[in-house]
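Feature annotation from TrEMBL assigns Cu cation binding site to Cys74, Cys78, His164. Annotated disulfide bond per TrEMBL: Cys74-Cys78, in sequence order. Summarising the annotation, TrEMBL assigns domain 'Thioredoxin' to 36-202.
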Amino acid sequence: MTAASTTALRIRRLLIFLPILVFLILLSSWFFGQPKNVQAALPDISLEALDGSAFPLTNEKKNLRLVELIYTRCPDVCPTTTVRMVQLQKRLMEENLMGNGIEFLTVTIDPVNDTPEVLRKYAQNIGIDPQGWVILRGDEETIKTVTRSLGFFANQTEDGFISHTTSTYLVDENNVVLRKFGMGEDFDPDEIYEELINLKQKG
């Protein structure tokens, strides 16, 4: 093989591999330029409890928190989730953990319609015990701050209902989301009970 043909072969090989090399450089540049994942957490703001008092989301008591975001006109997953949380609450009360290391938060995503009175009736009808369980509301912008912080999607539909993420959130003592669970039929009180007990024992 002559020197000229050897050079030509090298050039052809270079032309083959050059686009691949450029692609890999661009890919690595894109990857390392992406924002790093930020763990979801409850924001450092205050919401309004049913008695009208401000309820800071800052977790001063260092409780584990189970957070559900609901609206009372929801026809399916919201009330089903809350009913199952009541079942879970009863088991945790037997262990003297409700309000004593574990806290439930219910936050409405429909503050216009979910007035304090409406939320009280919702709690009474479903059987929520106020021990260790706080029901919260806020203005629309404040609620959006909460949903954005948790990565929870909620959008008003044309028929007046709200399309929303079907997740509940287990939050640690520093307000960081540890795990997400389902809502409705996908909310398993037994699974979450075991998770909470294990976390308390480790703590």
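Cβ coordinates come from backbone N, Cα and C, glycine included.
Neighbour counts were taken at the CB atom with a 10 A radius for the binding-site residues Cys74, Cys78; the maximum falls on Cys78. Listed in sequence order, the residues Leu69, Ile70, Tyr71, Asp76, Val77, Ile109, Ile162, Met183 complete the 8 Å Cβ shell around the Cu cation site centroid, once Cys74, Cys78, His164 themselves are left out.
Mean predicted confidence for the domain 'Thioredoxin' (36-202): the pLDDT average there is 95.
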